[in-house]
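Read through the structure below, which is laid out as structure tokens, and then see the notes.
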Amino acid sequence: MLSTAAYRDVERELGMGPHGSAGPVQLRFSPYAFNGGTVLAIAGEDFSIVASDTRLSEGFSIHTRDSPKCYKLTDKTVIGCSGFHGDCLTLTKIIEARLKMYKHSNNKAMTTGAIAAMLSTILYSRRFFPYYVYNIIGGLDEEGKGAVYSFDPVGSYQRDSFKAGGSASAMLQPLLDNQVGFKNMQNVEHVPLTLDRAMRLVKDVFISAAERDVYTGDALRICIVTKEGIREETVPLRKD
């Protein structure tokens, strides 16, 4: 049986007065929403892969099953964004506008490293009201080697060989650490990562993530960046 103090706590949480009458209730507005989704990027010797699922959800509702989170920026650069879908769209539009301005001014496309530095300044400029987005950039650098850049919401970034972000990142990152980075492993030969093995690995980890993460699923969109350009591949995932 609840004590008098416990009843008062319940009344206070429900906004009820001392005699059960409804009291004033404060409604809170949040400018953010989490729309789920997972992005991943892997860099090889002469290629880079950026992949994401296509599910767009909120809570227990699926808004659409065909919303890929990989956006082509140039012929050598792709960005993966997950988090709040509204911020993802806004941020990618700003980046695309900056890239067009740069190309018109310099008669050439911005490099992958320069795009990463530009994105860092954009995110830092919004540090007091940040974009709720997990950003990963994948592409080729000036020497034609694969490059991956990962960001936090306020602009701090670093170059990696592989990175996962989004709702299933806690499941994907340990697999990448083990299979790509060979971390915490003894007597293992560090063989270079081939494109075929990287593709198989990306498909396997996303199939596993879709089994465990309710916000990841429906389909897998893979963008493969090579010196020939960018090609896309779609793989079905579970839809429940």
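The backbone N, Cα and C atoms fix where each Cβ goes, glycine too.
Note that this is a predicted model, so its numbers are computed, not measured.
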| remark: Feature phosphotyrosine (Swiss-Prot), candidate list Tyr7, Tyr102, Tyr149, Tyr215, assigned to Tyr149
| task | Based on what Swiss-Prot says, identify which of Ser21, Ser57, Ser156 is the O-linked glycosylation site one. | result | Ser57
| query | According to Swiss-Prot, O-linked glycosylation site sits on which of Ser52, Ser105, Ser169, Ser208? | reply | Ser208
| Taking the Cα atoms as reference points, how far is Ser57 (O-linked glycosylation site) from Ser67 (phosphoserine) in Å? | 10
| note | Using a 10 Å radius on the Cβ of Lys203 (N6-acetyllysine), the other Cβ atoms enclosed count 16
| Hey, of Ser61, Ser67, Tyr149, Lys203, Ser208, which of those recorded positions are within 10 Å of Ser161 (phosphoserine), Cα to Cα? | Tyr149
